[in-house]
Structure formats: C-alpha cells, structure tokens
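Single-structure report; data block below.
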Amino acid sequence: MDNVVIEALVRALAVGTPLLLACLGAILNERAGVVNLGVEGLMAVGALAAFAVAASSPDANLWLAVGASMLAGAALALLHAVATITLRANQFVSGLALALIGTGAAGLLGKRFEGLPLFNKVADLSLGGLTVSPFTVAALLLAGAMAFWLGATRSGLTLRSVGENPAAADVLGVNVGLIRVLAVMGGGALAGLAGAFLSLSYRSSWADNMTAGLGWIAVALVIFVGWRPLRAIAGALFFGFLYYLQFRLQGNSPIPTEVFSAMPFILVLVVLALAGVRGQAGNAPAALGRAYVRGER
Amino acid sequence: MRFVALNAPSAARSALVTLAALAAALLICALVFTLSGHAPGEVYGTMLRGTLGDSTGLGEVGRRTIPLLLIGAGLALAFRAQFFNIGAEGQLLLGAVFAAGTALFVPLPGPLLLPAVFVAGFVGGGLWALIAAALRRVNVNEILSTLMLNYIAVALVTYLIAGPWKGKDVRGYIYTDTFPASTYLPTLPGSQVHWPTLLLGVAVALGLQWVLSRSTFGYALRVVGENPGAARYAGLSSGRVALLVALITGGVAGLAGAGEVAGIHHRLLEAGQISLGYGFTAVIVAWLARGNPALCLITAPLMGVILAGGDILKIDLNLPFRVVDVFSGVILLCLIASEVFIRHRVQWGRA
C-alpha cells in the first residue's frame, strides 16, 4: 500500500514539476500586472535551447544548457514585454501570438535534433529513498522563496504594487514599465526552465510538441491557486496526480483512452468554473491585463 | 519616446500601418528561416510559385480560403464585442462531427440531407462556443476556455472515429464510413474548391457586415465591445450579446467544418486532417480585417496563401508544417504591436 502511495506521489511530483515552474513564472508576471498566455511557446523554446546545448557534445555543460533555456525563455518573453508594455498591445492576443511563435520556431529549428541522443541527462537525486529530479527540488524551493519574497520583502511589495495600482506606484517613484518588463522576462525564464526539465530530465530527448498543452494548464493553474506560490505546489501536485492516473488506468480500464487525454483539459474548465463561482477570480491583481499609461485611468 | 493621441485616425494611416506591420513580419520570419538554415529568398519564392504560380496552386489557396473566410468573418464580429474566441478550431471540429453524424445516421431524402448536414454543422459549432460563453458568466476567461475546448474536441473526434463511428470498410486506419453521395458538394474542375461553401462564405461575410453596421443587434454589439460601462447604463445586456455572438461565431466555424467534410473528405477523419489550424489562422484573418467581416474577403485569401504555402514548403523544402505557426504568430504580434501607431503619432523626447 505504502509503495503505491509513494509511487503516485513521486510520479505526480515529476509531471507537476514543469507545471509548478511555469506556474511560478506566470504568477511572477501576473503579480506585476501582465498576463502572458504564451507559456506553451516559452516552454517549447526552453526545451529546445536546453537540449541543443546539452546534445552538442558528450561533455556539454548541463548548467550551460539550463542557462540557455532560461535565456531563450526570457528573450522570447521580451517580445511580449515590448509589444504589451511599450506598445500597449492587447496582452491576451500578444500571448497567443507568442505561443504560436514559440511552438512554431521550436518545431522549425528543432527538427535537426529530433531523435538525437542526449549524452548526459540530468542525474536524479535520491532523497530519503525517493528518486526525484533536481528540477523538482529546485521548483519546490523556488515556490517557498517566491512566497517569502512577494509577501515579506520590500522589492516583492513593489512588484505587487505595480500589479495592483500602477498609478500609485508611479507617484511613489516606482518605474512601472521597467518592473513589468523584468517580471515578464523572469516569468519567461521560469517557463523556459520548465521546458529544460522536459528535455533534460523527464523525457531526455527532443520532439516537436513535447510540451503537449502543459503550458496552457500552467496558465489556468495560476487562477486556480489564486496567484499564490505555495498553493501552486498543491495545484501542480493535483494535476500531476491526474496525469499519473491517466498513465495508470490507460489500457486496463473499460474507459476509452481519449477520455484520459481530454481529462486534464476538462478538469481545467471545471476548476476554473469553480474558482469563478467561488469568486476567486476576484483575487487577481487589480491592474492585471491592462497597459499602464501615465495620466490615463 | 511618447505617443500623442490622434483625434480621428484616417483610413489611409490604418492601411499604411497594417502594410508596414506585414512587411516587418515577413522580415522577422526571414530571420527565423535564416536561423533554421534556409535562404529566405528560396522559402518565399517557393511559396509564391507554388501558390499563385499556376492553377493548381490557386486551387489550393481557394480551398483553404473557404474555412478561413467563414471563421474569420465570425471572429471579426466576436472581436468587435470583445469576445476573444480562440476556439474556432474546436468549433470547426464539432461542426464536422455534427455534420458527419447527420450524413451517416440521419435517414433523410437526398435533397434534404445536404442542407441538414450544414444546419447540424452550425448547431455543433455554436453549441461548443456557447459553453465558453456560459463559462464567461462565472468569470472564466474565454481565451482559456475555448483553448481547452479545442483539446477536448480533438479527443472527441479521435474517440468517435476510432470507436463507435469507426467505418466498417476500413482496416487499420481510423475514419468513418464514406458519406452518402447526396452530401457531396460540387467542386471547381481540377481543384478541391467546393464552391457552394465558398459562396456561403461570401454571403456570411457580407451578411455579418450588414448585421454589424446596420442592425440593432450590431449596434448593441459595438457598444458592448467599445464601452461596456455605457452599455450597462443603456440597459444592454453584455451577457446576452456574448451568448448570441458565441452562437454566431461558433456556428459559422461549424459551417466551415461541415464544408470540409462534405466538400473534400466525404467522411469524418483525424482532427489534424480536417483542419490545418484554420481556427488560429482565422484569428489573423479577422484581426487583419480590423473587425470588419466584409474585409475578410481580402484577408482570408491572403492567409490562404500562407496555409497553402506551408504545404508547399513541407513538400518542396522538407520544412515542418509548424512553419505556418511561425508566420501566424509573427504576423499577429506585428499587427497588434503596430496598432498604437494607428491611433497615435510618435513624439521623441520627454513631455
């Protein structure tokens, strides 16, 4: 019995890791007032950048690969920042464009890496008898650190003020535009890191569409967890467990497999609707989704 | 750099900015091609030759223009009401499912069957979009809900063609039996342009333009989209407008799905074969048309070239079809990022 529970937990943690990392990234930029629906694309370029560096030679530096994924995510997110913050474009549509560009460019540039071996994958850690990826440990620590930073430090408060009331922050001398750009790039870097986990640790390979909708679930997760990093751990575990069930029940159940492949997406709808009915959508940063222009309200 | 608002932006300024955005998008895409190891000149040349260069290519463009026109015209309406329906892909698939169910299982005499197939397509797509409109009432962002519904629609199609609707005369493949011949649409000779659906698309684009600019509902829709506060004050129900808009925009996407299965495939088959990402590409069709359904008559063929061109690039240059996503994404981003230049002029220096 214990074994089943522990196996479920370990597997749920594994699938939950990219969800958690991407969700933390989205929380970061949304707390500063910027929605970025492009997470799916950011994860795809992150996965490719990491794999491209790691697969370039047998003794390629894995730190470099991880850094490349974060850099690629941040660079793509910068497009979103320029479009929505400098040029005041619609954040939702820009994010959608970003998702298309990211998945498209990763598919196009990644074609030559398809089917290639990964020489040195990221080694798993053994913690108290559990085998977990270092990415998982990092994601959990990061959630704690982000909760502390947003809740208890001056700079965290400044970031939140930019998302809640940019006009007031501006009056107090906060550079709203700069903070938002940095938050969007930070969010992109974390989404890229989520991609690196997929290509360096979880799958240890590159394939087109390997993000398979995880990015979209991460975006929805942000609303479900009410923009709180610690709750994101529970949310990611929950969806990770769902994927585990899908994997376990497939094949040995009378339910058709398509029901399982649709299940995460159906569940996201249910969860979003529940959050909506409970009024949780009201927890959103007050200025979320709106461009800030000095002197306009 | 500061933006100074213009009182009345001219149509010429709008057209010029749009063209500049398109040019910028083509330049950025050229950069991506160079990075992927392909000469941009070769890529663009191959695309143009393969799409506009001969009658076969033009036929391929025409075939892809049909769903783009139908969906784009509907989305143009939806965007004017600030209903960001990104799920036309799923609505098209549900239209195809309902159309196929009618064609395969509803015993109607020949001349009645084809209209029934299209009505069913409209209902299927409309209902799928209504789910998102209903969820919006409990504050679920429609971009997220329609996207999730896309994934669910794909699973539904796969389930049907691999399970209960799997054809009797197919071995190994997954698709349904062939529809009765009375549901086949005529095509232009030497092409897969099912012209009755094309005519339907033209009628829908013009009809929706009329609805938007001349009808009471169109007025309510524009007020709700442009000034929700004023709409509430005037007693216009934005919830009801959203429901109707969802029904129309999802319904016409469903018509597109019915047209694809009745006009080209004559059976229900895998989601990726029914639609080549028409739902997403139509977002650009509608955005390029700046929310005017009638202008989709110009912008739909334009994006039709890109979709047909993606196929040519796949065959001739062995590029992945994902290249279309790059085009779509970059064009969309450039379009929305350039919008500020339509309503503002740029002033350098500090205020």
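Cβ atoms here come from the backbone N, Cα and C positions, even for glycine.
As recorded in TrEMBL:
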TRANSMEM  A:6-27  transmembrane segment
TRANSMEM  A:34-56  transmembrane segment
TRANSMEM  A:62-85  transmembrane segment
TRANSMEM  A:92-110  transmembrane segment
TRANSMEM  A:130-151  transmembrane segment
TRANSMEM  A:172-200  transmembrane segment
TRANSMEM  A:206-225  transmembrane segment
TRANSMEM  A:230-247  transmembrane segment
TRANSMEM  A:259-277  transmembrane segment
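Among A:6-27, A:34-56, A:92-110, A:206-225, A:6-27 has the largest number of CB pairs under 8 A with the transmembrane segment (A:130-151).
Counting only same-chain residues 6+ beyond the ends of the transmembrane segment (A:62-85), those with a CB under 8 A from a CB of the stretch are 25, 29, 34, 36, 38, 41-43, 45-54, 91, 94-95, 97-98, 101-102, 120, 122, 177, 180-181, 184-193, 195-196, 200, 291. Sequence-distant neighbours of the transmembrane segment (A:92-110) (same chain, 6+ residues past either end, Cβ-Cβ under 8 Å): 35-45, 47-48, 51-52, 76-77, 79-80, 83-84, 206, 208-209, 211, 215, 289. Counted over residue pairs separated by six or more positions, the transmembrane segment (A:6-27) shares fewer than 3 Cβ pairs under 8 angstroms with the transmembrane segment (A:259-277), which leaves the two as not touching.
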